[in-house]
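Copied over from TrEMBL, here are the features:
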- 68: active site, acyl-ester intermediate (ACT_SITE)
- 71: active site, proton acceptor (ACT_SITE)
- 128: active site (ACT_SITE)
- 231: substrate binding site (BINDING)
- 281-371: domain 'Peptidase S11 D-Ala-D-Ala carboxypeptidase A C-terminal' (DOMAIN)
């Protein structure tokens, strides 16, 4: 359903306070009233993956012990190390005495035992292995202490203001905390890494040449349709936690539950949040990358005009049935000067609903347009004489 487009031909809008190219404006809550959801956990949040918009929250900034949800950040750094070429999935890692002596959930690494990066990563993503976290932390950073420094640095980069890590695996420790809000942030970040997705959604697997079985601690991987991850956690202090994500009909949601009284409750309440989100919201995609919103005249160019096209696909989170209330506003200049480069920002698209900005997108030049030279001018004059 195509909405009427309001064209705002305002040149100054293009050069004032603008947004980053191809980035959407998002993050505020879509709640107009608190939904009637009974959540017994200490803290909870429901977030849309694509836009980052908050659909539901309860004490979302309360600082709590995260247990093994900590490993979400550990996996982010592992994925980054692989993608940057610092390590490879096939690399062999030797377990230290430090890794082999760790308690809690583990794959029982022995000192000097060798495993591949892939086996260790699977052990973390599927079985929540603490010893595998230490082995890879030492392999990547040289020490657990240095790896934890990297974790906290990354947390700051992501805007996780309620978080401080002390270890890479999540066992209770003084000054080791995060919030449901921050867990949602790092869950979104982890899900952006394609390399981890298959492990997060694997129900059972093996390591040690098939001799040691791994079963996913996230029961929703098996029982919730469309589940895409991400991580569970439980300790005496943290109680029972889960960050659970699912994708249905183009809508990708992340539900975080922290401090639930038992394992069954954390999964039930994560399911309740996801079900509510899918029942009440939809992903609205009115425009695709490359859609043309008009042409802009070019001064002193070898061509008179250039098409202004959308730099990316538009995805908007809206309440079901409210798609018709979305208004599109386009800002284009009357004229720009040559030369023009393909991909150059020349306009802006804004999507509004009931006075609220849902998203802002750059409109870019479709192709290069060179500046006219003397030869071009003479050739044009010659054609006029003919």
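Placed from the backbone N, Cα and C atoms, the Cβ positions cover glycine too.
A gap of 7 Å separates the Cα atoms of residue 231 (substrate binding site) and residue 68 (active site, acyl-ester intermediate).
Under the DSSP three-state reduction, the residue listed as 'active site, acyl-ester intermediate' is assigned to helix. For the recorded site, residue 231 (substrate binding site), the DSSP three-state label reads strand.
Recorded residues residue 71 (active site, proton acceptor) and residue 128 (active site) have their alpha carbons 8 Å apart, per Cα-Cα distance. With respect to their backbone Cα atoms, residue 128 (active site) and the residue listed as 'active site, acyl-ester intermediate' stand 7 Å from each other. Least packed by the Cβ count within 10 Å, out of the recorded positions 71, 231, is 71.
Residues near residue 68 (active site, acyl-ester intermediate) in space but far in sequence (CB under 8 A, at least 6 apart, same chain), listed by position: 105, 128, 130, 169, 170, 217, 231, 232, 233, 234, 241.
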